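Peer 1: Submitted below is the structure of interest, expressed as structure tokens.
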């Protein structure tokens, strides 16, 4: 089976146009591609036919008497020149066709919502109890809540002013905006969150992995929509290397150009890495604190799956992250991302959002995507099925925990009025062995 987008373009172009319309993209790409594809197939047929004639002439020339051989050789020489020119034309058209094919986003699953302007996601389910002020209750729907007289302090002020364990001012002076110094007990909390997520997921059969933090251009362009994200990722000056924006990129590339057999799948990985992001489109959003920053640590689930199993795995990895967040004691919701906001690689994406009581709103903490064969086609990762049928594998990714963002959620949901932050119980076993680490509570740092 060939690449699903290519199959759909050839066999059901109207469906692809519907997908592009749902994604709010230009549908004229379909007709442009079909024209190129038709031309490429016609030329390729001509090349194959001409090569067959050339091969026949070569065989005939080898057996022909000397007086006929010269004539045959001359014909073969003319055919070879024509064949060479035609092959160059085929290569040129093929490159144009391939470039255009790469510009197509993934197809979308039937359950992906097509939404009106101003709506980016549809809530699927809720977990936990949110703290909310009385005057904000009307904004909540299908949510279990408790009314509080006083809302907690926002995570940015809590981390920097009350606890004194984040310093964005000094980081801004020496590195620029959206950088930070993480200090004291929040450092241990960052480590504990990563170990908690890695341990839980490893127990579920995910293989721990730390990927390279940089990838070559020829590789990174295959794992993400490079034209869209060119300005969002960092390039190493003077090197053919880009910093990864998530462990997903490096893990996907781990099987670059791999040929698998059916019994090897699924392959489950849980990766940890720093993530480097320019946040070029963020503007003035979340300038305070460590919610939206240029570098952070993240645990990532990644699955290489048989095509028929990928939708089951999509639900599975989403539930894995739900469990991590639920067991931390953070109120959350799962939302189904609208077609226009999916991003090119995903056929469907869930976001898991956590309630921030100081802001009285849910904020994204994790994303879980089924990328189907969009990445594997570009990376050349195939599986040979029984009967020797070859297919592209499906790839899926899902945040385990992004540690700094999870810290911000803990600071708002677990703080007391005296400025003390309770450490979620599930994290305490990961802090117990470390003598210098906090165990039950994080106390404001005493000012001298």
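Cβ coordinates come from backbone N, Cα and C, glycine included.
Okay, so Swiss-Prot annotates it like this:
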type	residues	note
BINDING	246, 247, 248, 300, 399	L-serine binding site
BINDING	277, 278, 279, 293, 364, 365, 366, 367	ATP binding site
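Quick one: where do these features end up spatially?
Peer 2: When Cβ atoms from all protein chains are considered, those within 10 Å of residue 399 (L-serine binding site) total 28, not counting its own.
Listed in sequence order, 231, 232, 233, 234, 294 are the same-chain residues six or more apart from residue 278 (ATP binding site) with CB atoms under 8 A from its CB.
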Peer 1: Would you mind checking how many other C-beta atoms are within 10 angstroms of the C-beta on residue 300 (L-serine binding site)?
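Peer 2: Its Cβ has 29 other Cβ atoms within 10 Å.
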Peer 1: Of the residues named as ATP binders, 277, 278, 279, 293, 364, 365, 366, 367, how far apart in Å are the Cα atoms of the most distant pair?
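Peer 2: Result: 19 Å between the two most distant Cα atoms.
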Peer 1: Do any of 277, 279, 293, 364 (binding-site residues) have a CA within 10 A of residue 399 (L-serine binding site), and if so which?
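Peer 2: Matched binding-site residues: none.
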Peer 1: Sequence gap of 6 or more, Cβ distance under 8 Å: name the residues on the same chain that satisfy this around residue 277 (ATP binding site), in order along the sequence.
Peer 2: 232, 233, 245, 294, 295
Peer 1: Fewest neighbouring Cβ atoms within 10 Å: which of the binding-site residues 246, 367?
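Peer 2: Across 246, 367, these binding-site residues, the one with fewest Cβ atoms within 10 Å is 367.
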